[in-house]
Amino acid sequence: MAQYIKQGKSESELKDSHGKVEQTVASLIARIEKEGETAVRELSRQFDNWDPEQFRLSAEEIEKIVRSVPDQVKADICFAQEQIRHFAEQQRASIQDIEVETRPGVFLGHKNIPVNSVGCYIPGGRYPMVASSHMSILTAKVAGVKRVIGCTPPINGEIPAATVTAMHFAGADEIYILGGVQAMTAMAVGTETIEAVDMLVGPGNAFVAEAKRQLFGRVGIDLFAGPTEVLIIADDTADGEMVATDLLGQAEHGPTSPAALITTSKKLAEETVAEIERQLQTLPTADVAKVAWEEHGMIILVDDLAEAVVEADKLAYEHVQVLTENPNYFLDHMTNYGALFLGPETNVAYGDKVIGTNHTLPTKKAAKYTGGLWVGKFLKNCTYQRCTPEASAEIGRIAERLCELEGFIGHKAQASLRVKRYGK
C-alpha cells in the first residue's frame, strides 16, 4: 500500500487562494471590454510600468533587436527551433484528410483545417521564457495558421531581446510587448490596435492562466494551465543527487510548483530528502524552490512498479521522469501524463527548452483527458458528406422513419423531399 512520506498543501487550501485570482481577473476583463485600448494601456502602465507609443513592434524595431542578440544565442535558438519544427512536421504528416465510400453512393470525409488566427502568450516575469516562442508560434505556423501574433511582457522595463528574436525566428506575423491579463484579453476581444484572434495558447502565471480560462468560449484555447508539475518515478537503481537535482530543477519555476517522487526504495527517499536540503544551501533560485518543495513537495513510497503506475496515474502530472531499471514499463502502462522522460539520459529541461517535444502540457490532473499542445490543437477536424441520387433516396427512407420516431417533423420533411425527387 502506498505510504506518503511527505505531503504538500491540500486542494482546499489551494482553492482558497485561487478564488481571489478569479475575482481579480474577472474585473480586469470586464474593464478592458468596456474601455478597450485605454484600459489596456492603463493596466500595462500599472503592472509593468510600460507605456510605449505602440505596443506592436515595427519591422525595423524587430530587426534592430535581433541584431543586438549575441550570435551564440541566436544559433542556440535556431537549433532548438529546428528540433521542434522537425517533430511538429512529422506530427502534421501523421494527420490525414480522408474520404470513404461507406456504402454505394455515400461519400463521407473529413478535412483538417487550420484555425485562421492564433494569439500566443510568451511569459516573462521572473524568467524570459524564450522557449515558449518555439512551442506556440512555430507549432502554429507548422500547422498552417495564417495569422499568428505573439505577446510578451517587458522585463524590468526593458524589451526581452532574446524572446523577441525567438518569436521572430518562429514566424510571428505580429509581435507586441504587452503582458498579463491585459494582453490575453486584448488578443481575445480585440482593441483599436489589436485585431482579435480565434484562439489563445501559451503558459503564464496564475492571472494569465485564469484569464485564458475565463476567455474560453469566445475564443478557443490550447488547455487550462496551472503551475508546472514534475513527478519522478524511481527505484533503487537511481541516486539521490539526480532525483533531487531534477525535482528542484522544476520547483524553481515558482513557489506553487508541485514536485513529487514515487519510489520503491525507502533508502532513496531518505537520500533524496537529505540531498534536497544540501542543494538548497547553494541553489541560486532556492528562495523559490525551497517554498515550492516545503509547501507542495511530495514523496510516496510504493511496494512495486505496478503500484507506482496506479499512484502516478492518480496524480496525472505534467512531467513524469522515469529513473528505473526498465523505463519502458511506464511507457507501456501509464495513461495519465503530459510528457514522459524515459531514463537518466534525458530530463525535463531537455523537453522544456530544446529536444523537440512541446513543453505546453496539461496540469492540475488535466492529463486525464487531454495531451499537450501540438499541431493538432491548431487544426479543426471538419466532416463533409455527399450522395448520389440513388443513395439519397435510400438513406432518405430510413431517415424519414427515424425523424418521425423522434418527433422531428421538419427533419422528416427534408428526407421526404429527397425520396420524392430521387426515388424510383
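Just so you know, glycine gets a Cβ as well, placed from its N, Cα and C.
Remember, it's a predicted structure, so these values are computed and weren't measured experimentally.
According to Swiss-Prot, the protein has these features:
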type: ACT_SITE; residues: E318; note: active site, proton acceptor
type: ACT_SITE; residues: H319; note: active site, proton acceptor
type: BINDING; residues: Q250, H253, D352, H411; note: Zn(2+) binding site
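Location within the structure of each feature annotated in Swiss-Prot.
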residue: Q250; record: Zn(2+) binding site; contacts (Cβ under 8 Å, 6+ apart): T228, E229, V230, S257, A259, H319, V348
residue: H253; record: Zn(2+) binding site; contacts (Cβ under 8 Å, 6+ apart): P227, T228, V288, A292
residue: E318; record: active site, proton acceptor; contacts (Cβ under 8 Å, 6+ apart): T228, E229, V230, Y337, G338, A339, L361, P362, T363, A367
residue: D352; record: Zn(2+) binding site; contacts (Cβ under 8 Å, 6+ apart): A131, H359
residue: H411; record: Zn(2+) binding site; contacts (Cβ under 8 Å, 6+ apart): A399, C403
C-beta crowding around H319 (active site, proton acceptor), within 10 angstroms: 25
Secondary structure of H253 (Zn(2+) binding site) (DSSP, helix/strand/coil): coil
Secondary structure at E318 (active site, proton acceptor), reduced by DSSP to three states: coil
